[in-house]
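> Look at TrEMBL and you will find A:95-284 tagged as domain 'ABC transmembrane type-1'. If you look up TrEMBL, you'll see A:28-49, A:97-122, A:134-155, A:161-177, A:218-241, A:261-284 marked as transmembrane segment.
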Amino acid sequence: MAKFQWLQQKDELGPLSQLWHSFRQQHAAVLGLILFGFFALIAVFGPLITPYDPYLQNPDAVLLPPSWDDAGDVRYLLGTDDLGRDQFSRLIKGASYTFGIAFMTALGALLLGFLLGVLAGMSKGFRASAFNHVLDLALTIPSLLLAIIIVAILGPGLVNTIWAIMLALLPQFVHGIRNSILQQLEQDYVIAYRLDGANNWQILRYVILPNTWEQLTVLFSMALSTAILDIAALGFLGLGAQSPAAEWGLMVAEALDLIYLSPWSIALPGLLIFVAVLSVNLVSDGLRTAMRKRQES
Amino acid sequence: MIWYYLIRRLFLLSFVFFALTCFAFSLGYLFPGDPLVNFSGISQPDDELLPVLVQQYRLEQGYLQQYLAFLQRILQGDWGLSLASQQPVLHEIIRVFPATLELVSYALFISFVLGVPLGLIAAIKANHWTGRAISSIALLGYSLPIFWWALLMIMLFSIGLGWLPTSGRISVLYEIPVTTGFMLPDILMSGQTYWQAALQDAIRHLWLPAFVLATYPTTVMIRFTRDAMLSVWQQSYIKTARAKGLSRSQVLYRHGLRNAMLPVLRQLGLQFSTLVTLAMITELIFSWPGIGLWLLDSINQRNYPAIQGGLLVISSLVILVNILLDILYTLLNPLARKQVHG
């Protein structure tokens, strides 16, 4: 129900502060944001704080359990892997790989998707129709299948899978951006602005963009969680990052033979992937709820 | 009106298939190695065979002719030989594809049976602790990396507790003749004396992969149903129905659920390709002999004709499911029928 809110300061805030106001009231979303910031910091500054070189092999300390275990060693906080490399350092290094590269990939897909989405949204007639059909095709090829094909053409490797994931993320960006632009173009204020003599570029710059950036943020956060999961999955399948990279999915795959000996070396990298994706999803959900609340008020 | 819509969809379908076959054809040139080998799967054609193949594949002619020859071969069922086994690719696909379909359909079944009611409860009791708990669990399940989740389940149920087997569709003790390719119907039709034991064994093998694969679609169903129901529940026709004196369950079923399921149906098509991706990973972990495992093996063996065939089959499946769901959505939703041009 609409209430009189004359005396509340909330309405005098700008759109961004209003959004932050209702975002802050969701504890889970704030927790997600803190975790997200934590992962981002680790991804950037991680290499500076690792206690050991993530690739340094110590033959005297092989397959140590985490330090709280009776057989553990306090110098290796989370134990070591089968080559005597420090798990803790490798997990920190993995944040730059899995989380950092996923972020870059999603960002690249966002920029490219934005360009194509604007082109698709602003064009009409046959061009728009043909574009839609190609998009429909691209949306149907599963991302892993696309990655398999790209890897088959270019060979396995992290860079090639980045292209594959970017291509796989692209259609949903183009789709989302195109839809929100079309939705904006139907609004009365766009028509009014057009009657004032604004051209396409001005409409895009001054009316549509300011009204779609929230949509962009939500699209980006959804794509980021997909990108993290995809990079980890491709690393796990041996198509993405190659040994000895400390990518979390690859670390799970390498520990697969040791599933009886050291279950923690499977559990820990997977847990980090899970928490990273969870933090992104929490922020994404919180953003959407905050946007809905702001539009209702 | 509806015919016009169907014809448009059919046109779209044929366009998409055209683009897909173009893409699959160009792979023959994009993959490393000789296009002739990539198309035919014969790794070292001898001097007698070579001119015949060049003639048949029209390799000395232009790309358009080659594409037409490719299309003809696809329609005739000549999909080349697998480089690894030298068996026809199409036969191999027919052998492995039902296993994937079986796994995916059980997972989808579980996700419907669990996801829709849970999503409804989450929407109706949105501010109650049950609703919050369901939403939180759905968010957790949505964030799980499937390979890790599968390994955790294996560690718990197979290694830790020893209840369920870790790999395959059925124990090697039982010999089940393949008629449909689907394990459970095959066992029922096999007429073997041990069919009850075999059925039990197959179901024990099915539990873990189906449950692991169902996690993602179930959480997606919960989230979509909850969101759709929440927005439907605020519509005026719900208030009208309540004001007319209908009971809560009547409103829920007749006015709420029917309207809420429409957007869910729409979203389901988009999620199907993710589901197929997850099915491929699940198959690898549980050694489920489906098309995903077969494709992942093919990439390790650089088996290009198999990758080409796998692309065609999997993409066609996803496209067909998408278009069918789209048609279903239009048939069920009177509002969408008005906007067939859009």
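Backbone N, Cα and C atoms are what each Cβ position is placed from, and that goes for glycine too.
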> Using Cβ atoms only, state whether the transmembrane segment (A:28-49) and the transmembrane segment (A:261-284) have three or more pairs under 8 Å that are 6 or more apart in sequence.
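These two segments touch.
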> For the transmembrane segment (A:161-177), name the stretch out of A:97-122, A:134-155, A:218-241 with the most CB-CB pairs under 8 Å.
A:97-122
> So if I exclude everything within five residues of the ends of the transmembrane segment (A:218-241), which remaining residues of that chain have a CB under 8 angstroms from its CBs? That is, six or more out.
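Beyond its ends, the transmembrane segment (A:218-241) has Cβ neighbours at 97-99, 101-103, 105-107, 109-110, 143-144, 147-148, 151, 156-158, 161-162, 164-165, 168-169, 172-173, 176-177, 247-250, 252-253, 273, 276-277, 280-281, 283-284, 287-288, 291.
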